[in-house]
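A single structure is presented below for examination.
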Amino acid sequence: MAEIKADTTTHHQHLNVSEPDISDHKPSKPKRVASLDIFRGLTVSLMILVDDAGGEWPVIGHAPWNGCNLADFVMPFFLFIVGMAIALSLKRIPDQLLAVKRVILRTLKLLFWGLLLQGGFSHDPDKLTYGVDMKEIRWCGILQRIALAYLVVALIEIFSRGAQTKNMAPSRFSIFKLYYWHWLVAACVLTIYFAVIYGTYVPDWQFTVLDRERFDYGKSFTVACGLRGKLDPPCNAVGYIDREVLGINHMYPRPAWKRSKACTENSPYAGPFRHDAPSWCHAPFEPEGIVSSISAILSTIIGVHFGHVLIQMKGHPARLKHWIPAGCALLVLGIILHFTHAIPSNKQLYTFSYVCITSGAAALVFSAFYILVDIWGIKYLFLPLEWIGMNAMLVYVMAAEGIFAGFINGWYYEDPHNTLIYWIQKHIFVGVWHSRRVGILLYVLFAEILFWGIVAGILHRLGIYWKL
């Protein structure tokens with residue numbers, strides 16, 4: 001189980017992440033990298049925003065298939081941050097066996113919470129029910145993907161220590177040589193991913209709709225494929241392997257592709273299927289599946305590299321001269337691959353161009369926060385984000401996963417839809433602005449993100465953090 005602990009010290013590390021000195025002169029005690037906390041808080045806030053306002057504003061929701069909307073940056077940002085945290089935290093644990101035990105324990109905690117929150121046991125906040133049929137439990141999810149990437153990259157970090165030289169030569173590229181095992185694993189991951197998505201034969205497949213709330217419940221469909229190397233929704237190898245290994249009943253029943261133009265005339269909004277919608281529109285798809293999660297390890301390896309730069313390179317200019325060009329190079333490479341149609345950017349397949357675009361964006365966003373906060377000292381403007389970042393697990397569970405909203409909705413008057421949350425949305429936000437779209441957006445920004453920023457700030461003052 002995760003622990004909620006109080007800490008009376010001023011240098012509490014909420015996720016067991018020890019931050020190195022970020023100044024040019026070494027102080028007597030290590031300082032936190034405030035920009036990393038703020039970046040983590042921004043990512044959690046973005047998740048709340050796109051989950052709760054994305055239905056009204058599809059431009060910020062997940063792209064139906066190819067492309068990269070705001071929501072598509074959230075998962076890679078998390079993985080990038082996890083990578084940086086690995087580099088910063090494991091350097092403080094010289095005992096290899098102890099480090100492995102902590103990594104495995106944290107991985108198991110992430111898997112537990114992932115299954116509990118996204119396996120189907122916890123329902124939507126406005127549905128006062130819980131429980132899941134084990135024949136339909138969803139095995140994969142956000143925290144499960146993070147657990148896999150964390151486990152793999154953390155073990156590489158631990159077991160490659162002996163291969164690292166003690167003193168780094170004063171060269172811009174020497175840090176790549178210092179941590180060459182990470183890049184060898186990255187090359188292996190990329191090779192395996194390409195071999196699978198372009199080399200796996202995808203046969204025709206059938207499925208039956210098992211969602212009882214769907215109009216097509218109980219209907220059976222056949223999808224014609226019989227080819228290899230395709231990256232379209234029905235016949236890609238990522239979905240095929242998930243169907244074969246996980247079972248189609250254990251996959252996400254509401255994939256973003258249901259909002260595509262091929263499926264609904266309301267695209268990019270969700271809506272009724274077209275009368276001529278292809279059969280695959282009715283099928284489930286796992287956006288955090290097996291093959292795509294293997295590719296997602298690359299995002300964490302890039303993040304751990306940025307953590308290594310923070311540790312090994314002394315002085316702000318040296319770090320930024322490495323971070324900013326690397327971020328720009330990744331971003332440009334990903335854009336070129338996408339717009340030349342060599343490798344389309346696709347979050348659900350976690351393609352290489354998607355890795356490059358989102359990791360490059362993560363690098364540049366973090367560098368911007370590093371300049372603003374850790375160099376220029378403009379910190380108070382971002383305090384709510386910093387507080388959220390210091391209690392990220394709490395805010396993720398309570399707000400992004402809707403646990404707190406579900407609890408509040410459980411207390412209603414006469415009608416289950418007559419709740420405090422519904423009243424606030426209708427009378428304070430939607431009613432005042434006479435627009436559901438604007439009202440819901442403002443509700444998410446102020447009644448959710450800002451609210452949880454204040455709550456996290458109070459908990460920070462009390463020294464209370466949710467630790468994994």
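Every residue, even glycine, has its Cβ placed from backbone N, Cα and C.
What TrEMBL lists as compositional bias 'Basic and acidic residues' is 1-10. According to TrEMBL, the feature region 'Disordered' maps to 1-29. What TrEMBL lists as transmembrane segment is 70-91, 103-122, 142-159, 180-201, 290-311, 323-343, 349-373, 394-413, 440-459.
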Any residues 6+ beyond the ends of the transmembrane segment (290-311) with a Cβ under 8 Å from its own?
20, 22, 33, 75-76, 79-88, 91, 140, 144-145, 148-150, 152-153, 156-157, 175, 178-179, 182-183, 185-186, 189-190, 192-193, 196-197, 237-238, 241-242, 245-246, 319, 322-323, 326, 330, 348-352, 355, 358-359, 362-363, 366
Short question: which residues 6 or more past the ends of the transmembrane segment (349-373) have a Cβ under 8 Å from it?
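Sequence-distant neighbours of the transmembrane segment (349-373): 22, 33-36, 38-39, 42, 68, 72-73, 76-77, 80-81, 84, 190, 193-194, 197, 231, 236, 238, 292-293, 295-296, 298-299, 302-303, 306, 316, 319-320, 323-324, 326-335, 337-338, 342-343, 379, 382.
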Count the CB pairs under 8 A between the transmembrane segment (142-159) and each of 70-91, 103-122, 323-343, 394-413, 440-459, then give me the winner.
103-122
